[in-house]
């Protein structure tokens, strides 16, 4: 993408406030044209002094122009600042909404921290360009087009000096653009590496400290910063050289104008005031050319990060599901996989030609070794991924023919990783159903065996749980995740190793609750305990992405195949969790209401 196209696309993000943008730009253009009158008025003042004529009228007009210019500039700058900040936050929010709606594979390919880095840096760069566009760029371009004809009208011989100066600025800018293009792209790459390392180290701070990796991680960061500086310095050198050359050219131009002006004054072909006016024109033009040079510098330095952002934006639009898709309604829970295949990009892993049928209210246990495709199967049902071949239907309706939002309303999932937000316990559970009452939420927590431990917290349901639930134990996190799914009360329940982090006693209590809520509800369970598999209506045995065996527990045992060998090898936990009945002093629900 060329520099001009990059710049033009940045400006398209102002379209939603087109009228306000045009008003500010128009006012700034008028201001730029008015500014041109100042050197002319100054020249008249000088002539009035030299000729000893009345100076007060001209001086008064000049002062009024100056005051009006200052006031107008303040008002325009205020309007531009407010508009840019509004658009910056709006673009950030709109892009964020599209990014978090993208399929999981999209995030896995790009990296969550990388997408965040691209978004934040690009939005900041766009805000700077918008502000400069409304304050300077457009008015500078207009001023240059107006300045040159006026200058030629005043004195064509002196104007040639200004034209030569403008050509020199353009040539220097083109040279620097050509010399720094690849270097700036490399700088952006090193920026990503640096940000990725910082994000990776901080997110794994417990490992860094546990393995005494602080010095090593800091050393790696130093290496990234050194690489960044090595790439950045040549780019900075070229722009420093350009700045020096521009300054030299402008100084020589002013000297030439003064020398030529003095020559023409001595010959009586110009008045002193006209020379002074022309010097003012020259200085005004130099300031505008400097602004154009800074604009080119800014756009070039931002081009790489903006192009990454545009590529990311384009991918979100391409992956956006069609509008006006119907909703999945009145779900009963009959599910069919029809020859479903999904292969991960750049990998041989996935699931292949999977077909099975689940009747309404049945419980399905998915069994298999690590990497067999169990979680992938569940993710396809939720449309986190979409099948490469085949299709999945719920109640006879292809799930790709309905919108994702309605599909996911029909599913309640408890992941192996609890997936908690840095918010209160109440907020984390209410994600299941934001319209639920406090009483419904507390009841869901009781069913998930979470209510008792929550009441022991200082702020009870208003307790902040930290990033990724860092203030909770593994079992507590899992119980909140289960409570969230219970509260959602969806017709299809998915348990991805939902009790893996629970102790035996708590697991027994939660298992009873899950058995209760899964009654007459289609349930998928990634199973590791024999008791879960034995009680399932349908057992699916997966291996290397293939459905090797399916049937009831007794059918697969009688078959004596891979599932039977798995049992004999002890790969499924045989123990049945039990619970001892004991009296507990449970705090009443009404006492849990936050003050």
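Cβ coordinates are placed from backbone N, Cα and C, and glycine is handled just like the others.
Residues annotated as domain 'ABC transmembrane type-1' in Swiss-Prot, with sequence analysis given as evidence: 21-301.
As annotated by Swiss-Prot, transmembrane segment applies to 22-42 (among others), with the evidence given as sequence analysis.
According to Swiss-Prot, the feature transmembrane segment maps to 55-75 (among others), an assignment based on sequence analysis.
Annotation comment: Swiss-Prot describes 129-149 (among others) as transmembrane segment, evidence class sequence analysis. Within the chain carrying the transmembrane segment (129-149), a Cβ under 8 angstroms from the stretch's Cβ atoms is held by residues 7, 10-11, 13-14, 21, 24-25, 28-29, 31-33, 35-36, 76-77, 80-81, 83-84, 87-88, 159, 162-163, 166, 281, 284-285, 288-289, 291-292, 295, 298-299, 302, all 6 or more beyond its ends.
Residues 144, 242, 245-246, 249-250, 253, 256-257, 260-261, 264, 270, 274, 277-278, 281-282, 285-286, 289, 292-293 of the same chain, all 6+ positions outside the transmembrane segment (152-172), place their C-beta atoms under 8 angstroms from a C-beta of that stretch. Per Swiss-Prot, the feature transmembrane segment maps to 152-172 (among others).
Only residues 6 or more beyond the boundaries of the transmembrane segment (248-268), in the same chain, are considered here, and those with a CB under 8 A from a CB of the stretch are 155, 157-158, 161-162, 164-165, 168-169, 172, 274-275, 278-279, 282-283, 286, 289-290. Residues annotated as transmembrane segment in Swiss-Prot, with sequence analysis given as evidence: 248-268 (among others).
According to Swiss-Prot, the domain 'ABC transporter' annotation covers 335-569, on the basis of sequence analysis.
Here Swiss-Prot flags 368, 369, 370, 371, 372, 373, 374, 375 as ATP binding site. For residue 372 (ATP binding site), the count of additional Cβ atoms within 10 Å of its Cβ stands at 23 [all protein chains shown].
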Site of maximum Cβ density within 10 Å, from binding-site residues 368, 371: 368
Among 370, 375, which are binding-site residues, the residue with the most C-beta atoms within 10 angstroms of its C-beta: 375
Where residue 375 (ATP binding site) sits in the secondary structure, as DSSP reduces it to three classes: helix
Intrachain C-beta neighbours of residue 373 (ATP binding site), sequence separation six or more, cut-off 8 angstroms: 349, 350, 351, 542, 544, 545, 546
Neighbour tally for residue 369 (ATP binding site), based on other Cβ positions within 10 Å of its Cβ: 13
Segment-level pLDDT (mean, integer) for the domain 'ABC transporter' (335-569): 87
